[in-house]
Every structure is written in structure tokens, then in C-alpha cells.
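As written in TrEMBL, here are the features:
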type     : residues : note
SIGNAL   : 1-18     : signal peptide
TRANSMEM : 215-237  : transmembrane segment
TRANSMEM : 282-307  : transmembrane segment
TRANSMEM : 319-340  : transmembrane segment
TRANSMEM : 352-376  : transmembrane segment
TRANSMEM : 382-408  : transmembrane segment
TRANSMEM : 439-461  : transmembrane segment
TRANSMEM : 473-499  : transmembrane segment
TRANSMEM : 511-530  : transmembrane segment
TRANSMEM : 542-565  : transmembrane segment
Ligand SMILES: *[C@@H]1O[C@H](CO)[C@@H](O)[C@H](O)[C@H]1NC(C)=O
């Protein structure tokens, strides 16, 4: 018990206090070169610890490293000391630091790495540096493999801070069996005019992210929103006004006439429209989690806009976990109160389902990927301590907070206050045209929302699966808002058609028709995999499709919930204005 609390405290502290370094150096102060990971260029997520290749370490005494933050540990950051002696503002001419003898397996390992375009990543003062392991050359039918042995660091400083690092790989040596290969390094310090605050700018790619297409797509989606909102409000105003007029004319007829008369449309289902959805437990858990996902996404995007989170390793993930844990009461409140309004009785089970729905999905995917990562000895394999920490967060933070939310929700907002009474006997659902079937509506509902985001999806995917740092979170926020509006409009229209066909099962239909956006996103991810990336190998493929499925499901929860919220406002509105006898 004590140790789990310690772990918990440790991760809270490390979440808050992720940066212990001051980033300022005195003359000749030690500058640490951390070796991070090595892996095939085309598989960004397939990374191994740098020293899993038989590289040698410099002579300097090792400094032990622990994973600084939860986000780092989860993303497979594995910093190890290089053993290279670097001091602030002290130039070092080409100096050998270690030597390897190419035994059979070492040679095989290096040749494999060179063949697969392995490259490695290092950090100096939190600035990432990339270098390529070696290269192959074809020479009259035989392929020779070479390894780069000289690392030249050009480090720029501004005052007492490091602002720029360039690495040049030089001096390639052929990988011959039993050859002795010495490794050398060189450090040149240069005064640089770059400001410390701007030192990450060179890693960003404005030409890519602020491409005309990106602006154009935002503009396009924006126009679509205006058009859709206009269309929806016009249709609804006109049809609803007509409906109301018809219904009030019906009022004047006597009972006999009305029984024979031509009453039809959404008013007919007033006695069933607020009937609880089927599977109320699952439904309320989904909606509760969806509320939380919406909140977390908004918060994280806003934090990212304000905080330039990309400059710190893993900080985005740490923030997301922290915000998710902290917003658990929202999940409990919304899910619990919805469940109570639907007349649910087994609220503890509902709360557990609500609390662990998303964590279980995430952990399930991570567990599966982890299994393969361990088999591959990849650095993505999640360390045991981190697993314990995540479990602790689920059990000791998320669960109690969800419980608090659920209790509050059941007591404060658990009473049904529907504008119409629910009939005791469900009304039979009449036969209708095939395109009015819920399944068809669900399938079509996602098309427009997907259309409004798929260009942004390309940018997000590229920043995650290729080597681009996503930094245009303002765009993301805009697209997020656009997506929400489009989703709400589309689901309202879908629900109107459904209710007009006298089918009252609108809760699941509205949720699923909005959530089907994610189905299209997942399909798009297949296209992206086959046409936009060159990933290969079991690990990377599993990683890609596993986490894409997770991403799509979460997006589905988000859209579905937003669709449901919008629709329930709409339904409540139209049924509270119509006079029901
Ligand atoms: C690193 O390379 C860039 C581009 O070639 C150059 O502008 C910059 O001055 C270099 N920095 C250092 C410290 O040499």
C-alpha cells in the first residue's frame, strides 16, 4: 500500500515538475549528450534503445537516468548517457572515444541496421539531434555496407544558453568482419544570434503546416459550416412551422375525426420519444465518457496553444493523462445522471463501466502492442513501474473521482423532467422506406463530418507517423469547433427524418450516426498507410492499426456524444412546444 502511494506521489510530482533543468550553463560546465533511440527510418514508432546496437560508450563515467515523466516512459524515450565529454564553450578537435571490434554478430547487427536505414536520436539540452547509422553502396554487383564513425557537433550558444545543435556524420568505414572500428567526435562552439525562446523553430515546418491547402481546407470547412447551419435552421424552421400549423389544425377536429384523420409525423411518437434507450447502462457509460473526452480534448488543445508543449518530450501525453484523471467527475456526473434519468438501478456497475471504459480500451490496446514490443525488445515496451503508476492512477484517482461525480449526478440531476409523458405500452414502429432505417442513417451520418476534417487528419497523421512536429494547434481548435457544429447539424437532420418516420429510437441512432465519422477516419487511415507511408514489419503495422483503431474509437465517442447532446436539446425543444393532449 505504502509503495503504491509513493509511486502515485512520484508520478504526480513528476507530472507537475517535469523540467528540473535550468538550461543555463557556466563556462566549461558539463553538457550531457543523451543517447535516445535507434530504429528504421520508415517506422517511426519502432525504436530500440541506442545501445541495443553494439555501439560503444565513451570513457566518461555514466550518469544514471530515470524516466523523467510518465509521458516519456509511455512514448519509449530511453535516455542513456553517451560517455562523451562535452563542456560548455570548450571546442574539442577530433578525438577518438571508443573502438569496436566487429565480431560476427556485431557485424550482422550493423549490416542489418544499415540495410534498414536505421537512424538514431540524441539529445543535448533537450534539443533533439538525428544521425544516420550508415549507408550502403552498390559497386559492380556487390553491395557494401558502411558505418559513419565521426560525429561532428556544431553547437550554437547565445549567452549562457544552448540554442542550436547541428550534427554532421563523417568518415565512413566499411563493415568488414573482424575489423577494428574507432569512433571519434568533435565539438565546435559558435556564437549564435538565435534567441533561446526560438530555438525549436528550426524543427517546425511552416511550409508544410501552413501550406495553402491547409488554409484552403479550413476555409472550405468553414463555408460548409455556414451553409449547413443555414440549411438546417431553414429546413427546421419551415418544416417545423408547417408541422405545428398542421397539428394545431388537428386540435380543432373532434376525436372521431382525429382517429380517422391523417395525423402523421414526429408528433405521433410523443409518448415514446423519451422512452429510455435500450441498453441504458452501456449508453450512459458511453455518453459520460464522451463528455469527458470532449472536455479533455478541448483542454489539451488549449494548453497546447498556450504552452508550446512540443518543446518538451512527452509533455503532451503527460498533460492529457493528468487532465483526463482530473476531469473524471464530469464522466461520473453526466453518465450517472443520464442513467438515473433512464431509470437505471444498478448504478455501481454503471459507474465502474463509465470509469474504466476508456482506460480499459487504451490499456487493452497498449497491452497488445506491448506484448509485441517486448518480443521485439523495442524501447516502446512500457516499463513495469509505469504500468503500476498508470494502474494506480486508474484505481486511486479516476475511480474515486468518477464515484463522486456519479453520486452528485444521481442526486442533483437524476430526476427525469421530460416534457411529455411516456406511454406504458411502446408504440409499434411502422414500416418505412429503406433509407429511413436507422442503420442507413447511421452509415450516412458520418460523411459530412468526416469531409470537414479529413484534410486536418492528414496533417495530424503525418505529424504522428512521420517526422513532423505538429504545432498549429490553433488550426486544430478551429477544426474541432467546425467538427462539433457539423456533427450537431447533421445529427439533428437525421433525427428529424427518423422521428418523422415515427421511429422513436433516436438516442442510439443520433449517437451512432455521429460516431460513424470515426469509421470513415479508420478507413482513411488504411488509405494513408498504403499510399502515404512506407512502414513495414509486424511491430509497426500492429502499432499503426492498433493505435489508429483507438484513436478512431475515441473520436467516435467524442462525435457521438456531441451529436447526442445536440439532438437531445432539439428533441426536448420540439416536443415541449407542441401541445399534447
Ligand atoms: C546549423 O546549420 C544551419 C543550416 O545549415 C546553419 O544555419 C547554422 O548556423 C548551423 N548552426 C551551427 C551552430 O553551426
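Each Cβ is built from the backbone N, Cα and C atoms, and glycine gets one as well.
Just so you know, TrEMBL annotations are computer predictions that nobody has curated.
By the Cβ criterion (distance under 8 Å, sequence gap of 6 or more), the transmembrane segment (382-408) is counted as touching the transmembrane segment (319-340), at least 3 such pairs being found.
Contact between the transmembrane segment (439-461) and the transmembrane segment (215-237) is present: at least three CB pairs lie under 8 Å, with pairs separated by 6 or more positions in sequence.
Pairs of Cβ atoms less than 8 Å apart link the transmembrane segment (352-376) most often to 542-565, out of 215-237, 282-307, 542-565. Proximity of distant same-chain residues to the transmembrane segment (542-565), defined by a Cβ-Cβ separation under 8 Å and at least 6 residues beyond the stretch ends, is recorded for 45-46, 286-287, 289-291, 293-294, 297, 358, 361-362, 365, 368-369, 372, 380, 445-446, 449, 465, 483-484, 487-488, 490-491, 507, 510-519, 521-522, 525, 529, 533, 535.
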